[in-house]
Ligand code: PMP
């Protein structure tokens, strides 16, 4: 029996994807060679890269709209600086909604003036700031769509004439959005897409080439576009598993279908958090709650040992909150089944009965 895996990332991946990925390690495409021992320039692998890029753009509804999909390395953290390297000439506007925004801001400050248009730091990032203004002369606006650590999620994005760059690491492919509002979308693979090791970057080509600085090749999105993500050796296994996960998502009916399941899962858990007197949600405003990462606490810490034993005995993994926040965090990425959330809710009810 597999565990009910609520881990924040790396995290649960679809079981059929795991099966195909293990087969490809032993014998890829009937080549009598492993996926791990063939050239990344072989036609078998370049087909994987192209398929993964095509699927990513298709899912986001961005094919034939001037966007390119890249699979690069360095994690989402690398994009904190690569975005600024490529786009920041003088001034950029950043929304600060948590640890990952703070890190993005820190890197961008090396390249120009950063205006923090709003921040929820005053309340330990337990809400999403609204009603801020983005200066029309900013080179771009940057935000984090889902705050993995604190469990908040942006439900809408500002109307602005400046390009929007968005870190979607923890909610990409989980909900329908008008993705054409964004000029750059980036996401580490290790939540909704695949294993750690590659980052998806979807970039609208017309925002590039506007800064005056020299950009080292590995940092330059234009170089990676020209080389089709093969300027240097790509993370072949991570890209392959991402491709399989994107195929799996397509078979499931795409983002619109998975969004319905994600809504069901998060409603099920949040209603129990709200109903059960032993639990309280971390996020201040219910409308800011993330459908991917639900953060909550016990109302009485004396029940901690009992609760921890109950969920561990029920085969649940990865429920502890991030070390900087404490409490609990249930990450409900695309591949987590509704049934796993039901197991958690049952455990929460059992704690109430036994309290
Ligand atoms: N942004 C967000 C929203 C994240 O959740 C994470 C990682 N959990 C990162 C950035 C950093 O990603 P990486 O470790 O791939 O650099």
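A Cβ is built for glycine as well, from the same backbone N, Cα and C atoms used for every other residue.
Note: TrEMBL annotation is automatic and uncurated.
Model, not experiment: these values are computed from the prediction.
Under the heading L-glutamate binding site, TrEMBL lists 41. According to DSSP, residue 41 (L-glutamate binding site) is assigned to coil rather than to any helix or strand. All protein chains included, residue 41 (L-glutamate binding site) registers 9 other Cβ atoms within 10 Å of its own Cβ.
What TrEMBL records for 76, 77, 100, 148, 167, 190, 232, 233 is pyridoxal 5'-phosphate binding site. Remark: residue 76 (pyridoxal 5'-phosphate binding site) has 100, 167, 169, 186, 187, 188, 199 as non-local neighbours, by Cβ distance under 8 Å and separation of at least 6 in sequence.
Look at TrEMBL and you will find 5-344 tagged as domain 'Aminotransferase class V'.
The annotation N6-(pyridoxal phosphate)lysine is assigned in TrEMBL to 191. Residue 191 (N6-(pyridoxal phosphate)lysine) falls outside any helix or strand according to DSSP and counts as coil.
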Should we count any of the recorded positions 41, 100, 148, 191, 232, 233 as near ligand 1, judged by a CB under 6 A from one of its atoms, and which?
100, 148
Could you check what DSSP calls residue 167 (pyridoxal 5'-phosphate binding site) once collapsed to helix, strand or coil?
strand
Of 77, 148, 190, 191, the recorded positions lying within 10 angstroms (C-alpha) of residue 41 (L-glutamate binding site) are none
By CA-CA distance, flag whichever of 77, 148, 232, 233 among the binding-site residues is nearest to residue 191 (N6-(pyridoxal phosphate)lysine).
148
